[in-house]
Amino acid sequence: MDRKLYISDVTLRDGSHAIRHQYSIDNVQQIARALDSAKVDSIEVAHGDGLQGSSFNYGFGAHSDLEWIEAVADVVGHAQIATLLLPGIGTIHDLKAAYQAGARIVRVATHCTEADISKQHIEYARELGMDTVGFLMMSHMTTPENLAVEAKKMESYGATCIYVVDSGGAMNMNDVRARFRALKAVLKPETKTGMHAHHNLSLGVANSLVAVEEGCDRIDASLAGMGAGAGNAPLEVFIAAAERAGWHHGTDLYTLMDAADDIVRPLQDRPVRVDRETLALGYAGVYSSFLRHSEVAAKKYGLKAVDILVELGKRRMVGGQEDMIVDVALDLKRAAGV
C-alpha cells in the first residue's frame, strides 16, 4: 500500500471518559509530548463529550476545553490539534474559541441518522479554514445504505472527511466492510473517510484494519486503548499490526508503546479492558461512555451494571441520553421489588 495512513490519536478526548474527564494540565502535556514525538498526525483534545461537555449530565472536567487545548498547543510541533463538537452541546462560539486556542481540525459529531443538525457547524468550521470532519456516531444503529445517505449530507455541507463511528463497539468486520463500501459508492473521490473503533468486543484493531483494506484514510486510536467502555483501538497495537502488514503510517511504534505503559496506563482508576460490564456494551450495542455512569447508578441502587446496560440497549438509547440511565435503574429496581 503506497498511501500514508493518517493517524488520529484520541487519548486526550475519548480517553477522558476513562478517568471521568479528570486529566490534569501536566497529564495532557506529558501525553501530547509523547504523541508528538511519535509523529502522529493529529491529537484530539476536549472533554470526552466534546466542547462544552463539562456538565452535570456528562460529568464535570478538571479543566475547561480551552485550558486543555492551549496546554497541548504549547508543547506540540508536528501534530495538528483536533477537537470534537456535538451540535446541541457545543456551539459555533465554542468552536471559534477552540480555533483561537489552537485547534485546527474539528470533528462535528451527530447520531448516525441526524446528520442534518451538523450543517451550521460544518459550514462555520469551513469558514474558519478548519479541517472539517463529519462524525457519524453509533454507526451500527442504521443500515450501510442509510449511513451513506447521512454521510452524503455531511459532505454537501462541506465536510471533507466522513467517519464511520462504532461508538458502541458493536460492529464486526463485515459490518465495517459494508459501511465503507456504501460510503465509497456515494461520496466524491476526493472526500476522505475515517474509522473510529471501540474495543468492547475486542474487535477495535481488526475493524480498523478492515477499514483500511476498504480504502479508509484516517484511523482513530488511543494509547493503551484509553477511551470509553473497553476503550478505543489501542494505538500501539494498531501500529504494530499496520507495520506487519507493510502499511505506511509514519509513526514510531516504540515511543507509542512506552507512552502507553509508562504514562497512560497508570492514570486509569478503572482498568480499560474487556470485562463483564464493557462486554455488555458491545453485546447490547450501547454508547460506550454510558459505562461509568451506569456503574455509579448500579452502586447507588443496589443493581448490577450489566443489567442496566443491557436494558439501555433494549431501549435503543443513544449518546446524549445519559439522564435516562437513572430512569432505567429505578425501573429495574421497581421491577425487582427492592
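Just so it is clear, glycine is given a Cβ too, placed from its N, Cα and C backbone atoms.
Under 8 Å, Cβ to Cβ, and six or more positions away along its own chain, HIS17 (active site, proton acceptor) finds GLY48, GLY227, ALA228, GLY229, SER288, SER289, LEU291, ARG292. Taken from Swiss-Prot, the feature active site, proton acceptor applies to HIS17, supported by sequence analysis.
When secondary structure is read from DSSP and collapsed to three states, TYR287 (substrate binding site) falls in the coil class. If you look up Swiss-Prot, you'll see ARG13, ASP14, SER167, HIS196, TYR287 marked as substrate binding site, on the strength of sequence analysis.
Sequence annotations record features per position, and here Swiss-Prot assigns Mn(2+) binding site to ASP14, HIS196, HIS198 based on sequence analysis. For the recorded site, HIS198 (Mn(2+) binding site), the DSSP three-state label reads strand. Residues within less than 8 Å, Cβ to Cβ, of HIS198 (Mn(2+) binding site) and separated from it by at least 6 positions along the same chain comprise ASP166, SER167, GLY168, GLY169, GLY204, GLY227, ALA228, GLY229, ALA230, GLY231, ASN232, ALA233, LEU281, GLY282, SER288.
Residues annotated as domain 'Pyruvate carboxyltransferase' in Swiss-Prot, with sequence analysis given as evidence: 5-257.
As annotated by Swiss-Prot, site 'Transition state stabilizer' applies to ARG13. The secondary structure of ARG13 (substrate binding site), as reduced to three states from DSSP, is coil rather than helix or strand. Of all the Cβ atoms in the protein chains shown, 29 others lie within 10 Å of the Cβ of ARG13 (substrate binding site).
Within 10 Å of the C-beta atom of ASP14 (substrate binding site) sit 29 other C-beta atoms, taking all shown protein chains into account. Those same-chain residues not listed among ASP14, HIS196, HIS198 yet with C-beta within 8 angstroms of the centroid of the Mn(2+) site C-beta atoms are VAL10, VAL165, ASP166, SER167, GLY169, ALA197, GLY204, ASP220, SER222, GLY227, ALA228, ASN232, ALA233, SER288. Each residue in the domain 'Pyruvate carboxyltransferase' (5-257) has a pLDDT score, and their mean in this model is 97. Sequence-distant contacts of HIS196 (substrate binding site), defined by Cβ-Cβ distance under 8 angstroms and a gap of at least six in the same chain, are VAL10, PHE135, TYR163, VAL164, VAL165, ASP166, SER167, ASP220, ASN232. Within 10 Å of the C-beta atom of TYR287 (substrate binding site) sit 28 other C-beta atoms, taking all shown protein chains into account.
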